[in-house]
Amino acid sequence: MTNNTSLTNGASQAATADTALVPKTGSHFDRKGLVQMALLGLLLLVPVAAYFLGHIYYVNLASRITIIAMAAVGLNLAIGYGGMVSFGHAAYFGLGGYVAGISAYHAFDLTPFMTWPFSLPGSDSLLVVWLVAALLCALLALAIGAISLRTTGVYFIMITLAFAQMIYYFANSWPTYGGEDGLPIYIRNTLPLVDSSNALTYFLICFVGLVLAMAITSRLMKSRFGAALTMARLNDVRLATAGISPYPIRLVAFVISAAITGLAGALYADLNGFVSPNMLSWHFSGELMVIVILGGVGRLYGPLAGAVLFVMMETFLGGVTQYWQLFLGLVLLGVVLFAKHGVMGWLAGRERNE
Amino acid sequence: MSDIVLSLQKLHKRFGALQATQDVSLDLQQGEIHALIGPNGAGKSTLIGQIAGNIRPDEGRVFLADTEITSMSIAQRARLGLGRSFQVSSLAEPLSVMRNVMMGVQALQSHSFRFWKPVARDRHLLEPAYAALERMQLSHRAWTPVFELSHGERRQVEVACALALKPRALLLDEPMAGLGPEGSAKLTELLEALKLEVPILLIEHDMEAVFRLADRISVLVSGSVIAHGDSQAIRQDPRVREAYLGDSDA
């Protein structure tokens, strides 16, 4: 360790450490990189082409895939990277959706959301909706996580489910915002400078959201925080023994995960022009888990691959038979039995930990 | 008394009807290896738990240097400089040796809520971790995943992890367990060199290693310390022979 610059990159680590194995620095053009670029490239190009060919339906389908993928990116941070198997992420997806819906409702009606202790009007600005959705989901996850993370394993799964179901029934029985009928958004919330009601523009907004969520996850997992979270997942006794308490690390990861899923929920409500308690139901929590597992748990592109597969099956097989979930079940069975690292593991090879 | 790095004062711990720790007082001084031995069921694990922080004593106090750590969490104790290794090695197996050792360095430098800078090129993490590995003669394995290591090498990694904390005291729980004669000899050598920097509280079954390494030995039987002294005294103590070595073993 005489040379100060010796540890600045992988190549010179070898020089320092005699025969030390150098961690593989993945090139962007290996198999994994190609599969990832193809996936992202297709997701971008197909809707652009569809738009100019006049097939708006497929543009909206791509938006749907993108948003579901983003919600799964959030869940993947908890399950895949943090080892926290949350069965209640629909709570954040739905809360994000209701923020968009309720905000638009009051902006449309010109009524305030509340008058006491201060007057709070609705807003039809997407930026405001996103900010509020992310903040509220983070706060909700802070409360739910603070309690749930005191348990592990099956208990954690059940307690996150229980919290989500509480919120589901609350939304279901609160008549102000439509109760079980849901709440329509008559005019999509707006952004400055661009026309968010244009299908392609809205897809591109969602696409940027997804790419940002993935970039944040990737960067996060390479940081000190990510190193601690990885250790909390693999061996929390080791983490504590090394001087870092696992609980706050997990809690912060859980909160970030929920905020990402909540943002996706807000995008989803504006895409459909509608929000209902279905977005909060445990079915959706389950679907998100299926997507994460299909794509590959703890893989950066796993949620995207899983969402593409899931929504395509739902759309195209669902058009042929209402029993499409039978085939989904078979695919899931195949993935769990034969491709433990999901579709991404199968397409792009196993991920190597450095 | 500034020479005392770790001290246990009148610890008591009871699990139901079982008195697992009974009035145990011990200390660890600068520059020494203090071995704790005792037959199975003597309460060694319970005592280690109370030092390391996963078990709270019913009575008594634990000090690390001048700081009372009796009610601190495992992580707080580690940051104050209590390094430990486990009876069954506890490492993140899919990760490289380096990534395991770096955790302690990271804990020491600041909180871990740093979200942006990648650790893979962070010299402030890599260099101290590498130095700890060199100390355990393991730097050639820095980038090997732990699951590829031999049992003996994992033992060394555990000690390197503890060293990354720049510990004031080391608590090693049966570091020789499961090692062949060769590995055992090598670790003995490394620990002998290490004790000059960091005093070691050694819990060990391997009597050869204990008698060779330990400056002082305490014998724990049924939750209490029944004998205390250098290896000569312990070898000759009749109570120890009776309780631990067995009468016929003389």
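A Cβ is built for glycine as well, from the same backbone N, Cα and C atoms used for every other residue.
Predicted automatically and left uncurated, TrEMBL annotations should be read as such.
Here's what TrEMBL has on this protein:
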type     : residues  : note
TRANSMEM : A:37-59   : transmembrane segment
TRANSMEM : A:65-83   : transmembrane segment
TRANSMEM : A:90-108  : transmembrane segment
TRANSMEM : A:128-147 : transmembrane segment
TRANSMEM : A:154-171 : transmembrane segment
TRANSMEM : A:199-216 : transmembrane segment
TRANSMEM : A:247-268 : transmembrane segment
TRANSMEM : A:288-311 : transmembrane segment
TRANSMEM : A:323-348 : transmembrane segment
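The listed stretches are A:37-59, A:154-171, A:199-216, A:323-348; of these, A:199-216 has the most Cβ pairs under 8 Å to the transmembrane segment (A:247-268). Between the transmembrane segment (A:90-108) and the transmembrane segment (A:154-171) there are 3 or more Cβ pairs closer than 8 Å, counting only residues 6 or more apart in sequence, so the two stretches are in contact. Contact counts against the transmembrane segment (A:65-83), taken as Cβ pairs under 8 Å, peak for A:288-311 among the stretches A:128-147, A:154-171, A:199-216, A:288-311. Per-stretch counts of Cβ pairs under 8 Å to the transmembrane segment (A:128-147) identify A:154-171 as the leading one among A:154-171, A:199-216, A:288-311. Sequence-distant contacts of the transmembrane segment (A:154-171), counting only residues of its own chain at least 6 positions beyond either end whose CB sits under 8 Å from a CB of the stretch, comprise 84-91, 94-95, 98, 140, 144, 147-148, 177, 179, 277, 280-282, 285. Proximity of distant same-chain residues to the transmembrane segment (A:288-311), defined by a Cβ-Cβ separation under 8 Å and at least 6 residues beyond the stretch ends, is recorded for 35-36, 39-40, 43, 61, 64-66, 68-73, 75-76, 79-81, 85, 87, 89-90, 93, 210, 214, 217-218, 261, 328, 331-332, 335-336, 341-345, 347-348, 351.
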